[in-house]
There are 2 protein chains.
Amino acid sequence: MDGHNSTATDATMKLGEFKVHATDGHARRATLMTAHGPVQTPVFMAVGTKATVKAMTPEELKDCGTQVVLGNTYHLHLRPGEKTIARMGGLHKFMNWHGPILTDSGGFQVFSLSQLRNMTEEGVEFRSHLDGAKHFISPEKSMEIQMDLGSDIIMAFDECLKYPATDEEIEKSMALTYRWLLRSQAAMTRKESLLFGIVQGGLSLKHRLKSMEQICSVDLPGYALGGFSVGEPMHLMHALLPDVAPRMPANKPRYLMGVGTPTDLIIAIDSGVDMFDCVMPTRVARNGTIYTWNGKVSIKRSEYKEDPSALDPECDCYTCKNYSKSYLRHMFMSGEILGSRLNTIHNIHFYMKVMEKAREAIAQGRWAEYRDFCLTRFAKKDS
Amino acid sequence: MDGHNSTATDATMKLGEFKVHATDGHARRATLMTAHGPVQTPVFMAVGTKATVKAMTPEELKDCGTQVVLGNTYHLHLRPGEKTIARMGGLHKFMNWHGPILTDSGGFQVFSLSQLRNMTEEGVEFRSHLDGAKHFISPEKSMEIQMDLGSDIIMAFDECLKYPATDEEIEKSMALTYRWLLRSQAAMTRKESLLFGIVQGGLSLKHRLKSMEQICSVDLPGYALGGFSVGEPMHLMHALLPDVAPRMPANKPRYLMGVGTPTDLIIAIDSGVDMFDCVMPTRVARNGTIYTWNGKVSIKRSEYKEDPSALDPECDCYTCKNYSKSYLRHMFMSGEILGSRLNTIHNIHFYMKVMEKAREAIAQGRWAEYRDFCLTRFAKKDS
């Protein structure tokens with residue numbers, strides 16, 4: 001049992017093939033074949049921004065059930081540079097992760113992190129947040145970078161609008177995103193990589209459906225929903241997903257970018273989303289926030305000073321098997337690296353377990369039961 | 001092969017027994033039996049100041065060949081407190097390290113880290129460097145703390161003088177250290193723990209020998225040399241060791257506290273020292289300095305930006321087997337936790353390998369050859 005719910009048919013799948021094994025409501029249990037092996041969906045992908053999932057080794061990621069790691073095109077372009085990584089043998093070898101890698105387009109970071117953006121039809125000029133140096137990124141450049149990295153799943157270069165945006169801004173932006181998708185497609189020539197298009201359209205159903213029509217008119221191995229988790233109240237996304245996700249092509253993977261909490265994942269799977277990524281489990285771990293089957297735990301609380309119990313009695317991760325809340329609180333209060341490591345191991349393991357159980361539940365036709373169980377459990381507060 | 005050069009006789013040894021298997025010049029190959037198993041000497045002990053060897057799990061320490069972990073009485077007393085650790089089952093269980101643990105007396109940190117010390121015959125009043133709270137530590141208190149921690153090797157409470165010190169200061173201090181040793185011995189009632197006395201005497205041979213006579217007149221399972229590595233030029237220690245260490249009791253382990261570089265270790269083993277500890281390999285690792293069989297490497301050097309080779313081609317640690325200098329430089333430049341982890345793994349592994357090979361060389365009667373090989377190799381500079 002590898003924890004990924006692999007299927008017997010994986011071995012015969014072709015690159016880019018997406019096989020839906022079971023559906024339960026809108027929820028789907030499927031497999032996507034990449035150049036670095038099959039991905040069992042629904043899947044949560046661990047974010048490895050700068051060629052490392054913060055605080056984790058690749059072996060620890062695997063032990064936690066991680067299938068796919070994300071790399072960030074913007075960050076890796078600035079440092080150490082995609083040409084350096086290419087000369088070191090590509091991102092897989094560079095970071096010692098030999099499973100599938102997905103890279104984003106750089107668009108999100110260009111719009112959220114960099115300064116002095118000058119956007120034209122051609123692309124975006126920006127200054128590095130590291131040293132102020134001028135850079136230019138376009139659909140073609142984004143494809144070149146991601147191909148140099150040797151990514152298995154390459155994201156089209158899109159404009160990621162801020163929230164809130166006016167109807168006019170949304171329409172203009174999604175039209176540009178569509179034209180940039182066509183240029184991305186023309187520029188993406190690496191046959192081992194799969195190009196995913198990104199549906200935009202803000203938080204308006206009308207625009208989302210229009211953007212989807214545009215983006216999905218281009219035949220691609222997968223489609224993403226971008227522009228969520230950009231500062232909007234999450235209930236708006238929750239309300240929109242059931243009207244949007246199920247209308248995306250049924251025979252292609254659906255990827256909800258940058259989402260989210262365990263509750264977000266369950267709600268999105270319920271609408272038929274297959275793939276997720278988010279910095280949440282790793283980032284909050286370093287700040288001492290732990291996800292458990294009984295809600296969130298803030299490890300710094302003084303009541304844990306002499307608590308000999310594990311973070312989560314239902315968890316079999318390395319952290320829960322070997323360390324008490326008392327020790328983890330001490331590590332956190334002392335600012336120790338091991339605290340960040342142990343919290344991250346637990347959170348990643350927890351996210352992967354939520355997804356593994358989701359795959360099982362969908363395959364066994366008891367998705368609704370599992371969904372309701374999760375939504376009740378995850379809503380519990382620190383007691 | 002466990003990498004510790006275990007001997008067939010270990011199984012029959014009694015708690016506190018020290019068996020010298022071979023000598024070569026002054027260098028000794030021996031075994032010390034603790035309540036948590038045998039320690040093969042010469043041994044380098046990894047410093048786990050606040051109940052963690054920074055950036056490492058206990059399993060990684062073991063994989064690197066670590067036999068003994070140090071805990072710091074001063075730090076653990078202040079946070080989380082020895083009573084908390086005792087209630088959590090003791091330091092071994094708390095930190096998930098099930099091999100031998102040595103704790104220092106707290107003296108060194110009281111004199112180097114805390115403020116507003118008021119020293120009397122009775123003990124030392126000081127303010128915590130964390131929150132300014134007043135604390136009092138005495139030989140009796142130090143023993144109580146170390147016994148609460150459940151330490152396998154407990155260090156007597158001593159005064160650690162600063163360098164330089166006058167003859168009068170040295171004499172007064174070593175007399176106090178002797179009286180404190182007698183009180184430490186009377187207070188140390190835990191039968192599973194071994195109490196080591198600490199020889200002081202500054203950098204004067206006369207005073208060292210006098211202190212040794214005092215301290216070693218107390219029958220104890222081991223003796224340490226304290227007050228080195230306190231800011232003095234290291235050549236003074238190197239010059240003194242051959243006149244001091246060989247005169248310590250031959251049938252007891254000799255522990256040189258707080259030392260040192262790989263070169264320091266070789267020089268001290270050559271004078272018959274058996275045990276060492278130092279923050280060096282872990283602290284410099286986090287700052288990007290790597291020890292190798294070809295001298296020190298500073299990983300941030302720009303020449304490593306596209307260097308696909310391992311830190312040390314002669315090393316078989318996890319880091320060297322899986323990562324390039326290029327990647328390690330990128331991790332360091334990006335301030336990533338994984339960089340600290342990988343560098344620390346390498347340095348600890350390197351220190352342990354130097355000691356393992358020393359044990360082999362002494363046992364096989366080729367110590368001088370190994371010593372000279374190390375001293376030549378370690379003197380190499382970053383090319």
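Glycine is treated like the rest: Cβ placed from N, Cα and C.
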Co-listed Zn(2+)-binding residue [TrEMBL; alongside A:Cys315, A:Cys317, A:Cys320] among A:His330, A:His346: A:His346
Same substrate site per TrEMBL - residue from A:Gly81, A:Gly132, A:Gly222, A:Gly227 joining A:Asp104, A:Ser105, A:Gly106, A:Gly107, A:Phe108, A:Asp158, A:Gln200: A:Gly227
Stated TrEMBL location of region 'RNA binding', expressed as one of A:142-146, A:252-256, A:282-286, A:297-301: A:282-286
For the substrate site built from A:Asp104, A:Ser105, A:Gly106, A:Gly107, A:Phe108, A:Asp158, A:Gln200, A:Gly227, further residues of that chain with CB within 8 A of the site's CB center: A:Phe111, A:Met155, A:Ala156, A:Phe157, A:Glu159, A:Cys160, A:Ile198, A:Gly226, A:Met257
Residue among binding-site residues A:Cys315, A:Cys317, A:Cys320 with least C-beta crowding, 10 angstrom cut-off: A:Cys315
Neighbour count (Cβ, 10 Å) for A:Phe108 (substrate binding site): 23
Counts by DSSP class (helix H/G/I, strand E/B, coil) across the region 'RNA binding' (A:282-286): 5 helix, 0 strand, 0 coil
For A:Gly107 (substrate binding site): intrachain residues, at least 6 apart, with Cβ closer than 8 Å: A:Val124, A:Ile137, A:Ser142, A:Phe157, A:Asp158, A:Glu159, A:Cys160, A:Gly226
DSSP-assigned states of the region 'RNA binding' (A:258-264) in counts, ordered helix, strand, coil: 3 helix, 0 strand, 4 coil
Proximal residue to A:Asp104 (substrate binding site) among binding-site residues A:Cys315, A:Cys317, A:Cys320, A:His346 (C-alpha distance): A:His346
Those residues of the chain, 6+ apart, with a Cβ under 8 Å from that of A:Gly106 (substrate binding site): A:Asn72, A:Thr73, A:Tyr74, A:His77, A:Ile137, A:Ser142, A:Ile145, A:Phe157
Secondary structure of A:Ser105 (substrate binding site) (DSSP, helix/strand/coil): coil
